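To start, the structure under review is shown below, and the notes come after it.
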Amino acid sequence: MGLFIETSGRGPEVVLIHGWGMHGGIWSGFVPWLTDRFRVTRIDLPGHGHSPMLADWSLETVAGAVLEAVPRPAHWVGWSLGAMVALEAARMAPGAVASLTLLCGTPRFVAEPGWPGMEAVTLMRFADGFLSDYEDACRRFLALQAWGMPNERELLRGVRSQLSGRPPPERPALLAGLEVLRHADLRGVLRELPQPVQALLGRRDRLVPVELGDALARLKTGLVSHRIDDAPHVPFLTHGERTARLIHEFIASS
């Protein structure tokens, strides 16, 4: 199947993977921070934006479809659910993923004893809003992320414009992605990956707690972890320059 992709810039290949319920347009305001140094590919995951749905939507089939669509090798940046897709792709095709940035992402989304994450009940409450009224839940989610930012209104207008330009995700894709968030456990995959890995976390993130950085560092030898002050779950939108600089520096050192 052919997934919808957009490519811009020149230089080493970078692939951006969006999160649950979104599409590649979410990166539009962030891409210019990268294209002076990198050739950036954005993709709509199956059933999101302009990409068709997969008959069998699973972490493995989605990662496989993305691998078929993007340049190889590339430095992958996975945001939220996109981090899980990137981890699975790195497991399936190590030579295709030169390095991996987990951007407010985690190998295990749901909290467990000794593992920071979102409580399962909270995740289901959050997801129910998107499943019952996607547009309203999306507005509320983005407003929460932008709250308190100096350019709050401008930021919200820009992001809403970027998201409204493509169809909303298909319900089966939302449900399948939710199952991945609830049940996937890629900690063993992360532990064994040969590629360089960094984690970028926001101190105001209410979905992926900033405390995860310490757990990731214990899990993966050599993992680089950065905490972005005042950043919510979307630091590439609220702190684009800082996020891009950390990606630049990490890739340069990989």
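FYI, residue positions are counted from 1 along the chain as it appears here.
Glycine is treated like the rest: Cβ placed from N, Cα and C.
So that you can see what the record holds, here are the features copied from Swiss-Prot:
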| type | residues | note |
| --- | --- | --- |
| ACT_SITE | Ser80 | active site, nucleophile |
| ACT_SITE | Asp205 | active site |
| ACT_SITE | His233 | active site |
| BINDING | Trp20, Ser80, Leu81, Phe141, Leu142, Ala143, Leu144, Gln145, His233 | substrate binding site |
Task: Enter the number of other CB atoms within 10 angstroms of the CB of the residue listed as 'active site, nucleophile'.
output: 26
Message: Sequence gap of 6 or more, Cβ distance under 8 Å: name the residues on the same chain that satisfy this around Leu142 (substrate binding site), in order along the sequence.
response: Leu156, Val159, Arg160, Val234
Task: Calculate the distance in Å between the alpha carbons (Cα) of Leu81 (substrate binding site) and Asp205 (active site), and round it to a whole number.
output: 14
Statement: If you count the other CB atoms within 10 A of the CB of Leu81 (substrate binding site), including all protein chains displayed, you should get 25
Rounded inter-Cα distance in Å - Asp205 (active site), Ser80 (active site, nucleophile): 11
- line: In chain order, residues whose C-beta lies under 8 angstroms from the C-beta of Trp20 (substrate binding site), counting only those at least six residues away in the same chain, are Ser80, Leu81, Leu174, Gly177, Leu178, Leu181
- prompt: CB neighbours of Asp205 (active site) within 10 A?
  reply: 20
Query: Which state, by DSSP, holds His233 (active site): helix, strand or coil?
result: coil
